Amino acid sequence: MEFDTIAAISTALGEGAIAIVRVSGDDAVEKVNRIFKGKDLTEVPSHTIHYGHIVDLDTNQVIEEVMVSIMRAPRTFTRENIVEINCHGGLVSVNKVLQLILAQGVRLAEPGEFTKRAFLNGRIDLSQAEAVMDLIRAKTDRAMNVAINQMEGRLSKLIGRLRQDILETLAHVEVNIDYPEYDDVEEMTHNILIEKATHVRSEIAKILETSKQGKILREGIATAIIGRPNVGKSSLLNSLVQEKKAIVTDIAGTTRDVIEEYVNVRGVPLKLIDTAGIRETEDVVERIGVERSKEMMSQADLVLVVVNYSEALTNEDEELFRAVQGKDFIVIVNKTDLPQAIDMERVIELAAGNRVITTSLIEEQGIDELEKAIADLFFEGTIDSADVTYVSNARHIGLLTQAGKTIGDAIEAIENGVPIDMVQIDLTRTWEILGEITGDTVHESLIDQLFSQFCLGK
């Protein structure tokens, strides 16, 4: 497959030590060589790096001092010739270098176009391409490991084996239908077909079992911190983040809006949401914050309910407990450095079997226990991203669910005595759905939509 030559800045825009302009295409080396003063890049070996200068051909002025990496097809990310120009970081010089390259007849790359070419040229499949963006967006080491495993093809191999099993079954069915007179062909009975289809459904179910944890590792746990004003919600946020993101004062109602922050808790990414203290108030701005707090609480995957150890439970406290019933929540009884006024037995009763943890955030006590409780709640205390192939992408989860239902329909049809040639339809559809995960059976419009979500230069 032949494409034109493209270029883009591959590093984040802004001031920094180094910025990289990436060029990919059959004539990438020749195009860059025109504006490079140093060695003749067309003569140098592949996978080498060379010092020189970028020159404006119109003025013969040196624009940048650079190091240029030459990587020749097919041993490159896109399977095309790739040139990477390492410039000094900054906006002006790197943009000037890019403009000089574009002036040589090179096109500015679209978002994700380098990765798209890697997919279209057969270097990676679609699930591996999506893992590239997951790696970029990873919030924890665990999420990074899951993305790397997918980039290395773990999920692709699982899907490939399932599709091969289905294909062999379909071929067996086809032979039985077209050549029933052949004595050396094993008869495809309903029992054999049920056994093979049940195996596929079981394998799909095993992969889907990892989806909840996989999605958490990829997207994080939306965690709302709720409680009455001045019980220590912002202090809890700051303790988990380990830096002062929220204003902490003795004045009730200081947090009037929703503060969001990602934090790594024992490999689990939490999207922490510090909400405005929930109480009845006449302050218009604070009241808006309270309403937003209630909305965020309803949308959260996990709720941290904070109450004050040094104060008796109020009707507002009890109302919060009622509001979180049916959700995953942990109760934090804060300010244990002060004299006790709260009824702990009542707190435990309201917690209804959920964890209750006592803390003194001002003395940094109880945070380790809270972090362990969060990991226990979602991962039973352990996250084994090394040996488990997690499925974390919502598109993949949806397709696997759809494939599981379709193969289930096939099994039901077999059990009801539907002719084998009719069962072929559901088996073929299952094979096609699984192929959409890896991109073997996917529409071009979906490919364009997926890669448009990538950053420019990737």
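Heads up, the Cβ atoms here are built off N, Cα and C, so glycines get one too.
Features reported for this protein in Swiss-Prot:
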BINDING   R22, E84, R123, K458  (6S)-5-formyl-5,6,7,8-tetrahydrofolate binding site
DOMAIN    220-379  domain 'TrmE-type G'
BINDING   230-235, 249-255, 274-277  GTP binding site
BINDING   N230, T249, I251, T254  K(+) binding site
BINDING   S234, T255  Mg(2+) binding site
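Using CA atoms as reference points, the binding-site residues R22, E84, R123, K458 were checked against N230 (GTP binding site), and the closest is K458. R22 ((6S)-5-formyl-5,6,7,8-tetrahydrofolate binding site): 24 other CB atoms within 10 A of its CB, across all protein chains. Neighbour density for N230 (GTP binding site): within 10 A of its CB lie 21 other CB atoms from the protein chains shown. For the pair E84 ((6S)-5-formyl-5,6,7,8-tetrahydrofolate binding site) and S234 (Mg(2+) binding site), the Cα-Cα distance reads 45 Å. Residues R22, E84, R123, K458 are recorded as binding (6S)-5-formyl-5,6,7,8-tetrahydrofolate; their most distant pair of Cα atoms lies 19 Å apart.
Cα-Cα distance from S234 (Mg(2+) binding site) to R22 ((6S)-5-formyl-5,6,7,8-tetrahydrofolate binding site): 44 Å (rounded to the nearest whole number). When pLDDT is averaged over the domain 'TrmE-type G' (220-379), the result is 78.
Taking Cβ-Cβ distances under 8 Å and a sequence gap of 6 or more within the same chain, the neighbours of R123 ((6S)-5-formyl-5,6,7,8-tetrahydrofolate binding site) are F77, T78, R79.
Between the CA atoms of K233 (GTP binding site) and K458 ((6S)-5-formyl-5,6,7,8-tetrahydrofolate binding site) there is a gap of 39 Å. The secondary structure of K458 ((6S)-5-formyl-5,6,7,8-tetrahydrofolate binding site), as reduced to three states from DSSP, is coil rather than helix or strand. Using a 10 Å Cβ-Cβ cutoff, E84 ((6S)-5-formyl-5,6,7,8-tetrahydrofolate binding site) registers 19 neighbours. Neighbour density around each Cβ, counted as other Cβ atoms within 10 Å, peaks among the binding-site residues K233, K458 at K233.
Taking the Cβ of S234 (Mg(2+) binding site) as centre and 10 Å as the limit, one finds 24 other Cβ atoms among all the protein chains shown. Under the three-state DSSP scheme, R123 ((6S)-5-formyl-5,6,7,8-tetrahydrofolate binding site) falls in the coil class.
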